[in-house]
Every structure is written in structure tokens, then in C-alpha cells.
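Asker: One structure is given below, represented as C-alpha cells, and several questions about it will come after.
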Amino acid sequence: MQTSHPAIRLLAGERGTQVFLALLLTVGVAAPIMHLAFPEGSALHLSSYTMTLMGKYMTYALLAIAVDLVWGYCGILSLGHAAFFALGGYAMGMYLMRQIGTRGVYGDPVLPDFMVFLNWQELPWFWHGFDMFWFAALMVIVVPGLLALAFGWLAFRSRVTGVYLSIITQALTYALMLAFFRNDMGFGGNNGLTDFKDILGANINAPGTRVALFVASAVALGLGYLACRYITLSRAGRVVQAIRDAESRTRFIGYRVESYKLWVFAFSAVLAGIAGALYVPQVGIINPSEFQPINSIEIVIWVAVGGRGTLYGAVAGAVLVNYAKTYFTATIPELWLYALGTLFVIVTLFLPKGVVGLADKFTSREPAARAVTA
Amino acid sequence: MTNISCTLFAVPGASPGPLFLARRALGWLALLLVVGMLARPAAAAESTSFEQALGHLATANFKQKERAVGELLDARHANTRAVLNALLEGTLYYRKDDRRVFIAAAQDASLRLLDPLTMSDAGTAEASDYTKITTNNQLRKTLKSALASFDLADPDANVRLAAVNELMRSLDADSVSILRARQSSEKNDAVRTAISTGLAIADLDSADAAVRLAAVEQLEGSLNPEAFNRLSALVTKADDGSYAEPDENVRNAARAALNEIDNWRSFYRTLETLFFGLSLGSVLVLAAIGLAITFGVMGVINMAHGELMMLGAYTTYVIQLLMPQHIGASVLVAIPVAFLVAGGVGVLIERGIMRFLYGRPLETLLATFGVSLVLQQIVRDIFTANNRPVETPAWMAGSLQINEAFSITYNRLYVVLFMLIVFAILQLVLKKTSLGLKVRAVAQNRAMAKSMGVRTEWVDALTFGLGSGIAGVAGVALSQLTNVGPNLGQSYIIDSFMVVVFGGVGNLWGTLIGGMSLGVVNQALEPYAGAVLAKILVLIALILFIQRRPRGLFPQKGRAAEN
């Protein structure tokens, strides 16, 4: 294994990865064709709603991979990934706001509607540059990444671990939520950013744009997956897993535990930011409720349901839980919280390896040897 | 007496017209009446003149009404005050056919009547058969000072103080004479101070600069808002460069007095902020202390802690529904009940879920979060998603007025006291009982405690029950301070965690000091940064603090403290 070509190592050896990539490829190709090539009413036609929904799930899946990378492989239970997701989303939202131009309710060529409404005279400094896509795209990566670097540097250096780390990441998210709810922060207050028109010159609601966003999400998910898998298979990835299993021992052997944790954490935050940036144009709104502490915990439960420390498990969990959520909230909304709550309990009590672990148990001839510990 | 008339005529700009004299006469009447009322009870003869005077009120002529008020005062009847008060409040009516006067409360189209002679119920009647006895500004003013002089003779010092404050609001010759008459006989310090403040404010209008100077000096350090306003007016420069106060010395004295007042005011403002901070901190400590126990002893994160508080708050609501006649006692009853309800749910959570997850703290966090979602939804299904109204008992309403610039609301005061009691009881339980000993032993070294024969499973269940019960008790306190709704727990959970982490896990004193200092810092920042930004700043400060001291203010010491 060690000597084979990296690309082969990425793809070979794990059935879950192969199944996932094959599925992603199929869906990524088939869904746009079914949406565009078949007329409405045809049995093979995929509605724009379903298409957007699937695109949304893919961004969630990317977010779940990001959490799985830090939690499943590095043992850092981050309750702050919703914040990185939302920050990426806001960066994209700001670009989309600037694209509205004179088509806003107040018709101001520069200022977004909410600023005109608040009687602001000029654009705040942090809104400059967001009229250019490349800058916004850069910010999608830089803002969550820098925040994670700064936060992680402070936290890991002073060896804040375990539940303490979980709690302060949650406090970070909470503080950001409170901040973004403020009108004078300049991010639209509790209404957030919405009513988008164009992305890269194309109408954001046009079928073609929807398909493009869907494909972009699929590509991002695939690349993000491969990147994470590459990291986990690399030498550094082995160290990261060693840190998860025995942090002190790894440190005494001579590895700089803090640096490994920091870079994994920052990379994961960047992935979350990208997921957020792809999420916003598809759902058409970003507001401070994305920062809610419960969102971060929900992401963790996706990963737990799917089976952490496997990456493809995270994807499966994200899709399953969100499909259940869509289904429940549409048909029997009052049952959703019961279902979600029970899911939390059942998964932690009875399915420590998630549905993927369950599937392994039934299909694999040899007993699952992968050790997953908290 | 001569002194009074001197002052009366010394009021600048008050030319003694006929109206003025009439009002002054009424003031005298009121004075006489006060003396008379105190001296002897109403006799039969007075009853007749009271009835006649009442009859004179049934007119549209204001002059005649004013005379009738004078006659009423003369009559020195026990019900005079009630009648005058009714007249002032517009609840005095007369029957159209026989011009008999009644005190009446309007109920839809009918009136509920009260006979002013006997103060007994006189049945209900059609509103159209009665005419309200109206008042004008002049009459209302007369009535107010007459009522104030009644109240100044009241045996209750609080009533007298309120009367003085009422008079101070509209100081004129009458009220000044009433106040001055009372000054010498007043025994209560607070009332006497209020009277001299009022008189000093009146003296600011004196034509004699020396009198004004003395008045300004008298007002130095007074916290009365009226005194502050009047003094500021003295030293405010008008557009033409002149001052309302012509005398330079008086102006300087006024500036010094204002300075002094400002100092006192900011002192009391600081005190108030401190007290608000301590009460906010008490809420935080109450919310966090149960968490500190479960987290500290069992190393377990209980995300459902906030929902256990919510259960406590809803328990209070249910208890109030069960005993609507005894709202005052309901809160006291709710405390043990909430402890049992939340503690019981806590034991269920521990036995049903947590005990399978020991050694896996992160998964406990997820499982208890699931429990919190279910609890929220259960409450939403039973009580709807709307906030439930929890009544505040009478003994918790109102505030303790320390002086004009500083008052303490009782509910905040009781929260501080309640927190201290809960804290003391918990300390006793942990330090002096056998259970407490076992709890501490398990917290320090579980394996060792187990090998010494401590039934750790049993201790775990009881500890978790205790922590949860305290959460329920905290919920009772919260029900008196915030809205009781399904989201009550969520809004406190993060704060509670921060308090525990800040104070240091497994240390109740750390929780106490951590909670109190967070409360005070939050409250102190609020005027400068606003409530939300203050909270954000505190959170950021905490995040940074944890970097410096990852184990909190008072870290657990010893070998067991490492992870």
C-alpha cells in the first residue's frame, strides 16, 4: 500500500469511499440531465425544488465531512462549525448583495437596501471589494480560516481540550450570533442578507444557474472528500489520529500536537466556509439564525448518525438526517423534535459507529477492526 | 404664625388677589381641620353640617362647589377625606331628582353607589339618573392640598412622606404654609428632611438673597430631583447672558451644591449597578451551581440542564394554577416541588441514559442534548409554545426605597438572598453529610472510592438528582424574573457553562465568585456598550481567559485533576 501511487491509495482499499464516489458521480451527472433534458410532467423530470434540495444536502454533506475530520479523526468536538459555515455564507451573501445594484427596493447603486433603510451614507469598510467575485471567494476561505487559526492557536496552545473546548467553541458561535443580530454590525441584522438577483452575471433563479450551483456543490463535495481522505491517509493524518487516541503519548513521543490540531482545525473551518458559500445562493438567504448553537450540535449528530471517523459515514448521516428533517417538518412538524431528540439518544447509546458501522457489521465477513473512541 | 404670613407675602410676583386670599383661607381651614380631626371624633351635630355641605356640592357652579368644600372641611366629619378624594378622582355623583350625593364606581351603564354619610353600600343604579360632579383646575388644586394636609396628619409615616412629596410637586403659598405648620411637630426623620427640602425649594424664590443662600446650602447633597432641577435653573445662563439668580454668591453656592449632588448621584448609580450586577450574578450562580455539581463530580456535560430549569419554572406555573387563592405562598410551595420534579427527571436521565455513557463525556453531551429537545417539545405540547404568565406574589413586588436616587426592587433582593441560602445548603450537604463525603470522594478519585466500598453508581444517581433538583429550584427563581416559555432553558445554558468553566470545575466557591463577577462586569459594561455588546464582550473575555487559565479561577488540585 505504502508504495502505490497516491491517487490509487485515495480510491482503493475502502468500499465506502468507492460507493460514495460512484454515487456522487451518478447523481452529479444524472440530476442535471433529468432536470434540463426532460420536460416537466415527464416521469424522468427532476423538479427544480428537488434539485435545489439535493444541492443543499450536498453542502451539508461537505460541512459534515469538515466536522468528521476534526471530531472523528482528531477528537476535537467543535460546536463552532455552524459559525464557520455561516461566515462563508455571509461572505458569499455580501457578494450577492452587491450584485443587486440598482434593482433593490431603494434603487441605490452601491448601498444594499438595509443600509439605505438604516440611513447609512456610505459603505462600511468591510463591504469594500465584495462586488468582485474573486475577492468574495477569497474571503469565503480566508475569514473562517483565519478565525479558526486564531481561535485554535489560543485554545490548543494552552491545551484546552475535551468538553472545555466544546464549550468555548459554542460560546464563540453564540457571541457571533449575538453580534450578527445587531443592526449596527452592518450585516443586515436579524433579517440577514436576501433577495439575491445575479451570480456571476447569471440570474440566480434560472434553471441553468441552479444546475451550475448543483454541479459546483457536487464537485466541491467530491474534492473536499478526496482532500480529507488524502489528509487522513497521509503521514500527518496518522499523527492526527494518534492525537485522538492518546494525546499525551503523542506529545511525549515528540510530535507538536498543537500544530497538527491547529492545521486540521483551520482546514476543516475552510471546508465549512466553502460549504456555506455554496449553500447561500441555493437557499437564497443567510441570516444570524445560522449561528445558533443548536445548528452546530445538529451537524455533530449528522456525523454521529452516519458514523464518525469514516468520512463517507458523515455524508450518509448528513443526507439521512436532513432528508428525515425535510420529511418530518413537511408532514408532522410537531414530531420532528421528538424524532431528533430520540435520534441523539439512540445513536449515542446503541450506535456508537453510526449506520455505517451497522452496515459494516452485516456485510463484512471479518469483524470491524476500526477503533473509534471519544 | 406671623412667620408664615411673612413668607406668604414675600413670594415674588404673587399679588394677593381675591382668589389667592380665598385659597389661602382654605389652606387655613385645612390646617384647623387637621388639628380638629386629631382632637376629637365626629359628633352628631357635625354629621348634619356634613350632610348639608354635601348637598351644596350638587351644583354646576364652581364657586359654590369651592364653598361647599370649605364647609365639608369645617364639618370635620370622618368621611370628609373619602368625599374629597372621590371628588378629585371624579367618582362623586348626585342623583338628578333629589340632589343626593353618592360616591359611585361606574360599571358599564350602571353605577355602584356608596353612601358618603355611612360609607355603606347603596346598591346599583342607572347611570343616566346621575350627574357627575365635575371639577376645574382651581378646585382640583384646592382638593389636592386639602387631601395632602389630611395625609400629613396620618399616623403612618409613609403616607405622610407621600403627602409631602405630593405637595412638593406643586409648591405654592398654601402648600408651603401647610408644610411649615407640620415641620415642628413632625417626629419622623425622613418626613422632616423631606419637609425641609420642600421649604428650601420654596425659599429659592425668596426676594432676600440671604434666605436664598441658606436655602441653597440646605439643598446641598439633597437627592430630590426637584431640588436638582431648581438649582440647575439658577445657574443656567439665559440667551442674553443673564442668570435666573442675580446674586453671584448664591450662584456659586448653587454650583457647589450641584457638584455635591452630582457626586452623590454617581455614587448611588455605582451602588445600583453593583446591586443589579450582584442580582444578575445570583441568577447566573443559581443556574450554574447545579451544573457545577454534575459537571464537577461526574465530568459529565448535561445539556438538558437548562430544560430542567424550565421544568422548575413550569412547576411554579402549575402550582399557581392549583392554588390561585394563595399566590403569595405558591412560590414557597413551588420550591420543594420543583426540586422533586426536576430532581426526579434528573435521576431518570441518569439511570436511563447517562450511566451507559460514563467515560465518554462528548457523547453524554449529545445524548443529553437530545433529551433537552424532547423536554422542550413535551412542554410545547402541554403548555403551547406561548409564554405562560407566572404571577409575582405581593411580597415580592415593589421596591425598597433607600433614598430618592437609590432603590432596590424586592424581587432582585430576594434572588440574591435565595441564592445565598441555596448555596449555604449545598455547602452544608457537601461538607457535613455522609452523602457529601461520598460525592467528594467519587469526584476526586472514582476508582479509589469504589474500592473503599462507596457505591459509586448510587452516588452518581443521587448527585445527578441533586444537581438537577437545584436546577429546578433555580427555575422557580427564574419564573419570577423572566418569561416562562419553552426556550427559557436555552437562553441560560451557555451562560451557566461559562460560569462553571470560569469558576473552575468542581468548586462551588469558584462558581459563586465566577457568577457574581460575570454579573457585575456585564452590568457595568452595559451603559457603555449596550446589553448585547456587553454580553459579546464578556463572552470574548471569557474565551480569552480560558486560554490563560484552562482550568478556571479555582482549579481542582491533585492528581485526579488531570483529565
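Just so you know, glycine gets a Cβ as well, placed from its N, Cα and C.
As annotated in TrEMBL:
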TRANSMEM  A:20-38  transmembrane segment
TRANSMEM  A:59-87  transmembrane segment
TRANSMEM  A:132-156  transmembrane segment
TRANSMEM  A:163-181  transmembrane segment
TRANSMEM  A:211-228  transmembrane segment
TRANSMEM  A:260-279  transmembrane segment
TRANSMEM  A:299-323  transmembrane segment
TRANSMEM  A:335-352  transmembrane segment
Asker: Short question: which residues 6 or more past the ends of the transmembrane segment (A:335-352) have a Cβ under 8 Å from it?
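Answerer: Distant Cβ neighbours of the transmembrane segment (A:335-352) are 298, 301, 304-305, 307, 321, 324-325, 328-329, 358, 372.
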Asker: With pairs closer than 6 in sequence left out, are the transmembrane segment (A:132-156) and the transmembrane segment (A:299-323) joined by 3 or more CB pairs under 8 Å?
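Answerer: The transmembrane segment (A:132-156) and the transmembrane segment (A:299-323): touching, no.
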Asker: For the transmembrane segment (A:20-38), which stretch among A:59-87, A:132-156, A:211-228, A:260-279 has the most Cβ pairs under 8 A?
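Answerer: By the under-8 Å Cβ criterion, the transmembrane segment (A:20-38) pairs most with A:211-228.
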Asker: Counting only residues 6+ away from its ends, which parts of the chain sit with a Cβ under 8 Å from the transmembrane segment (A:211-228)?
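Answerer: 10, 17, 20-21, 24-25, 27-28, 31-32, 35-36, 51-52, 54-55, 58-59, 61-62, 65-66, 68-69, 199, 202, 267, 271, 274-275, 278, 281-282, 311-312, 315.
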Asker: State the residues, same chain only, that lie 6 or more residues beyond the ends of the transmembrane segment (A:260-279) and have a CB under 8 A from a CB inside it; answer 'none' if no residue qualifies.
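Answerer: Apart from its flanks, the transmembrane segment (A:260-279) reaches 55-56, 58-60, 62-63, 65-67, 69-70, 73-74, 76, 78, 81, 84-92, 137, 140-141, 143-145, 147-149, 152-153, 156, 213, 216-217, 220, 224, 227-228, 231, 236, 239-240, 243, 286, 290.
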